[in-house]
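A short write-up of the structure that comes next.
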């Protein structure tokens with residue numbers, strides 16, 4: 001019985017996890033795929049580095065061609081990260097008839113459709129479950145489980161770092177800076193946390209999810225992104241008083257044939273299924289026309305969850321290999337992209353405004369909103385602050401982003417308005 | 001291009017939903033499976049009954065053989081319910097080379113392994129995603145998504161009726177009888193609610209989940225079942241004071257090579273992912289050695305969610321048909337069944353005891369537990385009730401069921417103990 005040969009690009013924490021799982025579950029894998037699974041070569045940067053996992057010296061190489069051009073290698077697993085060079089490697093692998101499993105969200109967000117098209121041309125599988133929320137089989141569920149439904153909403157907590165920070169700020173009433181520093185010390189946040197806290201990492205994952213969920217090629221630039229670095233503990237506290245929990249939400253929404261995708265700090269009602277997702281956990285909430293609400297919850301990262309997703313994909317590749325049906329399940333987008341313009345995007349908004357403590361100011365403010373067709377669901381009365389500043393917290397009814405932004409602009413021009421302290425989307 | 005012919009057994013709410021989805025999504029189905037999908041015949045009890053869905057008169061039949069023996073029918077969808085006759089129908093269908101999709105949990109819980117074996121013999125697919133938590137693609141996730149992991153725990157809220165009742169009791173402080181009555185009026189509970197409230201429905205689903213998750217043939221009789229009909233609002237209130245939420249939990253637990261499966265009203269810590277699953281929603285929590293905690297949440301029943309799951313299975317059957325690989329994915333249990341005995345089953349317990357209000361009673365009680373090696377995590381001090389009865393609420397540390405039951409028996413023999421009012425498992 002011929003063994004399946006794997007080439008592994010990268011031997012960091014995820015790569016080591018993959019090696020470990022393949023070793024540990026060799027019997028179970030045999031049972032599932034009907035043949036042995038062997039890691040033939042591993043691309044590394046440094047042959048002499050100490051490894052967290054047992055691996056033979058002759059399995060290591062620093063030359064990618066030892067994997068990409070080796071006719072005996074059936075499947076390439078990419079866990080090295082990076083974009084341009086990595087993309088070239090994978091295209092070479094696919095052209096040489098190798099199936100590819102990748103955990104690379106940056107690459108898939110930027111070049112997913114192109115890579116899937118190449119895979120499909122060469123009759124190869126290209127699976128990427130591990131690229132979004134490693135511990136949650138969400139991509140497969142979107143393709144298979146909800147196949148006969150029409151998905152209208154995807155809402156995700158898809159970045160563990162920001163969810164950890166917001167959870168701590170919310171539960172412990174601490175400041176963003178303080179919690180970020182702690183998260184960095186504990187290894188939940190990078191030394192340079194920009195990609196996480198500014199929402200870029202979440203935007204990449206939402207690009208992948210929306211492309212798959214709506215079967216429409218969404219570009220990273222189509223995602224409107226804002227991060228959590230300006231969220232204050234005061235905002236979170238006011239939200240609590242109104243029954244809301246603050247989360248960094250990736251939101252992909254389809255109405256009719258048009259879609260919008262955004263990532264933004266968002267207030268959710270406390271009883272929303274996503275509101276109770278705590279710490280570094282991820283969750284993806286899916287609304288399908290027939291099935292209604294479903295949610296998938298699990299670890300978003302971590303070497304073993306991600307490696308598990310990689311090996312699950314590998315099992316599917318090998319099953320397809322033995323059945324001779326690879327490349328049939330590559331899902332390239334089916335519909336042309338149609339994005340909403342701002343007048344078609346609706347949301348509720350939370351606003352916190354500092355105004356002069358004068359008679360008639362409140363009426364001035366509400367008349368601006370009224371003129372733009374924006375009405376209120378909730379208004380929080382607050383005691384006057386020092387310096388004769390009054391604080392007003394408002395939650396609007398659903399309104400278009402154009403009307404909302406027009407109102408904000410007119411508010412800014414009002415002499416009685418000192419500052420719009422914060423503004424967030426509110427869901428449901 | 002040859003169309004795929006479907007025979008439908010049953011045209012109740014789920015059957016009508018299936019007809020509706022296949023009609024509405026004909027284009028999308030075509031795109032996914034590459035050929036038209038046609039419902040050729042529908043087995044009904046009464047030809048003249050008014051139907052919720054448009055269907056031609058000549059599509060209806062009261063004779064099962066018109067479907068089971070029709071060579072042109074490729075796939076049989078069973079949504080009629082029932083056990084013995086239905087099992088015979090499905091075995092006939094499989095023997096005639098028809099693939100089967102069923103939503104019948106009772107049948108799969110009792111005869112799943114046998115039916116899967118027949119399917120495998122005849123090279124047929126037998127899919128049953130809709131039988132457990134219709135709106136949640138949990139079975140597929142267990143087979144595919146977590147394929148390279150080792151599942152050690154499955155915890156499920158898999159019965160919507162009981163979750164609805166417990167949610168209302170907990171949120172509104174109302175009694176079981178009152179909420180049950182309301183649930184019946186609203187259609188969330190059957191006129192005869194026994195199978196739901198006594199835990200049998202949940203036990204059937206846990207049988208299916210545990211069999212698949214552990215790859216071990218679990219019988220319905222292996223599941224230790226207790227229902228919610230004795231749960232009082234007082235129990236729920238005391239639980240709340242201790243930070244717990246009451247849920248009817250199906251629990252399948254593997255330690256080493258041995259497993260236990262139970263269904264019982266259980267206290268969960270408020271921050272457990274399952275604790276926030278409200279009303280008629282279902283959720284399945286899965287613990288895998290590599291992936292850690294994951295949870296799948298969604299509607300457990302309802303005609304459209306269940307029908308969606310049925311059609312998803314149908315899509316997979318047809319994909320396999322066109323690839324010529326049916327019958328390869330029937331997953332029959334791989335390991336022999338090994339059940340824990342009581343001395344190997346560990347849990348924490350919540351106990352509420354009425355005792356005489358006398359000096360020394362508390363010491364008598366604790367010494368019984370101590371003798372049996374049971375220690376406490378929490379003790380709730382309560383004011384003395386009328387009739388000189390004192391109420392004691394205890395939460396034990398993890399203990400074996402044998403030691404726990406031995407302690408209960410000795411307590412019962414104690415003259416100072418008036419009554420053990422309630423006893424529940426506590427998780428984590």
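A Cβ is built for glycine as well, from the same backbone N, Cα and C atoms used for every other residue.
Here is what TrEMBL says about this protein:
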{"type": "BINDING", "residues": "A:9, A:10, A:11, A:12, A:13, A:14, A:15, A:16", "note": "NADP(+) binding site"}
{"type": "BINDING", "residues": "A:105", "note": "NADPH binding site"}
{"type": "BINDING", "residues": "A:190", "note": "L-homoserine binding site"}
{"type": "ACT_SITE", "residues": "A:205", "note": "active site, proton donor"}
{"type": "DOMAIN", "residues": "A:350-428", "note": "domain 'ACT'"}
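The structure, with features from TrEMBL marked on it.
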residue	record	DSSP class
A:9	NADP(+) binding site	strand
A:14	NADP(+) binding site	helix
A:105	NADPH binding site	helix
A:190	L-homoserine binding site	coil
A:205	active site, proton donor	helix
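Break the domain 'ACT' (A:350-428) down by DSSP state and the numbers are 27 helix, 32 strand, 20 coil. Using a cut-off of under 8 A between C-beta atoms, none of the recorded positions A:11, A:13, A:14, A:15, A:205 neighbours chain B. Comparing the recorded positions A:105, A:205 on other C-beta atoms within 10 angstroms of each C-beta gives the minimum for A:105. Cα of residue A:11 (NADP(+) binding site) to Cα of residue A:105 (NADPH binding site): a span of 17 Å.
Residue A:16 (NADP(+) binding site): 22 other CB atoms within 10 A of its CB, across all protein chains.
Within its own chain, residue A:190 (L-homoserine binding site) has A:161, A:184, A:196 as residues 6 or more apart in sequence whose C-beta sits under 8 angstroms from its own.
The record gives A:9, A:10, A:11, A:12, A:13, A:14, A:15, A:16 for NADP(+). Within 8 Å of the mean position of their Cβ atoms, the other Cβ atoms in that chain belong to A:8, A:17, A:18, A:79, A:80. Within its own chain, residue A:13 (NADP(+) binding site) has A:52, A:303 as residues 6 or more apart in sequence whose C-beta sits under 8 angstroms from its own. Residue A:14 (NADP(+) binding site): 26 other CB atoms within 10 A of its CB, across all protein chains. Summarising model confidence by region, the domain 'ACT' (A:350-428) averages a pLDDT of 90.
The two recorded residues, residue A:105 (NADPH binding site) and residue A:10 (NADP(+) binding site), have Cα atoms 15 Å apart. The Cβ of residue A:9 (NADP(+) binding site) lies under 8 Å from the Cβ of A:42, A:43, A:64, A:67, A:76, A:77, A:78, A:79, A:80, A:86, A:89, each of which sits 6+ residues away along the same chain.
Here the CA atom of residue A:205 (active site, proton donor) lies 20 Å from the CA atom of residue A:15 (NADP(+) binding site).
Residue environment of residue A:11 (NADP(+) binding site) contains 24 other Cβ atoms, counted within 10 Å of its Cβ in all protein chains.
Minimal Cβ crowding within 10 Å, among the binding-site residues A:10, A:12, A:15, is found at A:12.
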